[in-house]
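Everything on this sheet refers to the single structure shown next.
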Amino acid sequence: HVRQLYALVSETLRYAPVLEKLLDGAALLQAEKKLAPQLAKVLVYDLLFGKGLKCGGRWKALARRHRARLEAELARMKVRHKVSRNEDLLAPEKAESAAASQVPRYVRVNTLKTCVDDVIDFFKRQGYAYLGKAASVEELKALSGKTFLLDLHLPELLVFPSQTDFHDNLLYISGHIILQDKASCLPAFLLGPVAGSHVIDACAAPGNKTSHLAAILKNKGQIFAFDVDPKRVATMNTLLTRAGVTGCRLAQQDFLTVDPRDPKYSRVTHILLDPSCSGSGMVTRGPGEEAPSAERLQALAGFQRRALSHALSFPALQRLVYSTCSLHQEENEDVVWAVLQEWGSAFRLVTAFPSWPCRGLAAFSGAESCLRASPAETLTHGFFVAVLERCKEGAAAPSSLPAAAKDNPEPGEGTESGAAPKKRKKKKQRMK
């Protein structure tokens with residue numbers, strides 16, 4: 001019931017400008033002096049846009065009494081705006097669209113085949129002007145023509161103007177570069193397994209994050225990558241082969257059916273979980289795609305909770321990253337909080353990327369440890385990331401992310417995202 005109420009309120013807020021015009025046009029608040037404006041919006045939304053009034057008593061009678069007038073005003077609004085569907089009355093999100101069009105072209109250097117310096121030199125020879133390492137998001141926004149920057153957060157990410165196309169570029173065809181949005185690079189980067197680790201990529205296809213994990217591991221260790229769709233597994237196999245990934249076992253299997261007690265997973269210390277989601281954060285979604293219904297969000301969130309809880313049941317697990325390309329709290333903070341509650345004190349939420357500007361929604365105490373990304377604020381697709389670590393008895397302060405996220409050097413300075421966990425491990429050994 002709480003989730004249904006939350007969905008109703010969320011949709012009411014989404015339709016708020018339309019509802020305000022309806023209330024004014026139908027003079028509902030003038031006719032019903034004791035009716036609070038916010039309650040009126042909820043009643044009118046449920047009456048005209050939702051699944052019908054679920055309330056009873058005098059509120060239901062009041063809404064029905066004004067139904068004809070409200071429906072007539074809704075019809076007039078559609079005529080004025082020359083639309084036939086209720087959704088078309090929603091104002092186009094011009095600011096978000098403008099921000100989405102400014103999302104740059106991000107190019108991840110595949111360090112399994114090359115290095116950042118060599119790729120920079122290659123693009124210079126192709127006539128691109130290298131402007132150095134970005135100091136702010138505003139610098140990324142100002143890119144134009146044949147110019148590019150090194151990203152201010154991720155050490156192996158180059159940034160080009162948004163319309164730059166590399167699909168026919170030799171480096172892309174040969175797998176030396178990966179065309180991957182910056183937000184999509186965060187999960188593997190924040191997981192930060194050291195070379196030699198055993199890692200699970202639970203919902204792996206199409207494989208960009210898997211190849212990123214392999215690069216962080218330097219092809220040393222073992223990756224177990226799962227996906228239930230045979231076509232997506234085939235696509236992933238092609239991508240990983242082109243990227244030069246070795247030491248990765250692909251399996252066409254539902255991650256929920258994987259046995260955590262199987263001996264071959266006994267050394268899995270890191271898991272990346274990027275489950276199926278609504279995809280509401282993707283700026284490339286078609287204009288005709290509708291927002292997911294409350295029922296759809298509940299179904300997705302249920303699967304995501306099961307997947308996250310299942311991932312935490314692997315006995316040797318030390319660190320896990322949960323991510324989605326969704327904007328909905330139901331798929332993000334709510335999922336993390338529910339599973340943390342289920343596991344009690346066994347796992348804790350890590351403060352991921354402290355310098356990242358967008359934090360998790362204040363859905364529970366500590367949710368600011370999570371991070372979010374958006375076209376408007378971070379010039380990326382919409383994304384959510386949470387980092388969880390197993391708690392140890394006597395553990396001191398919560399740990400943070402790999403050191404590379406705090407201090408990214410220029411190309412050639414030699415700091416790698418896997419370096420910090422090694423130091424952290426040595427420190428723990430000294431403490432023991």
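Every residue number used here counts from 1 along the chain in the order it is shown.
In case you wondered, yes, glycine gets a Cβ from its N, Cα and C as well.
Nobody curates TrEMBL annotations by hand; they come from automatic prediction.
According to TrEMBL, the protein has these features:
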- Cys325: active site, nucleophile (ACT_SITE)
- Cys203, Ala204, Ala205, Pro206, Gly207, Asn208, Lys209, Asp227, Asp254, Asp274: S-adenosyl-L-methionine binding site (BINDING)
- 60-87: coiled coil (COILED)
- 396-405: compositional bias 'Low complexity' (COMPBIAS)
- 421-432: compositional bias 'Basic residues' (COMPBIAS)
- 95-391: domain 'SAM-dependent MTase RsmB/NOP-type' (DOMAIN)
- 396-432: region 'Disordered' (REGION)
Ala205 (S-adenosyl-L-methionine binding site) CB neighbourhood, other CB atoms within 10 A: 25
Lys209 (S-adenosyl-L-methionine binding site): tally of other CB atoms within 10 A of its CB: 25
Site extent for S-adenosyl-L-methionine (largest Cα pair distance over Cys203, Ala204, Ala205, Pro206, Gly207, Asn208, Lys209, Asp227, Asp254, Asp274, Å): 19
Distance from Asp254 (S-adenosyl-L-methionine binding site) back to the residue listed as 'active site, nucleophile', taken between C-alpha atoms, in Å: 20
Average pLDDT across the domain 'SAM-dependent MTase RsmB/NOP-type' (95-391), rounded to a whole number: 94
Neighbour count (Cβ, 10 Å) for Cys203 (S-adenosyl-L-methionine binding site): 21
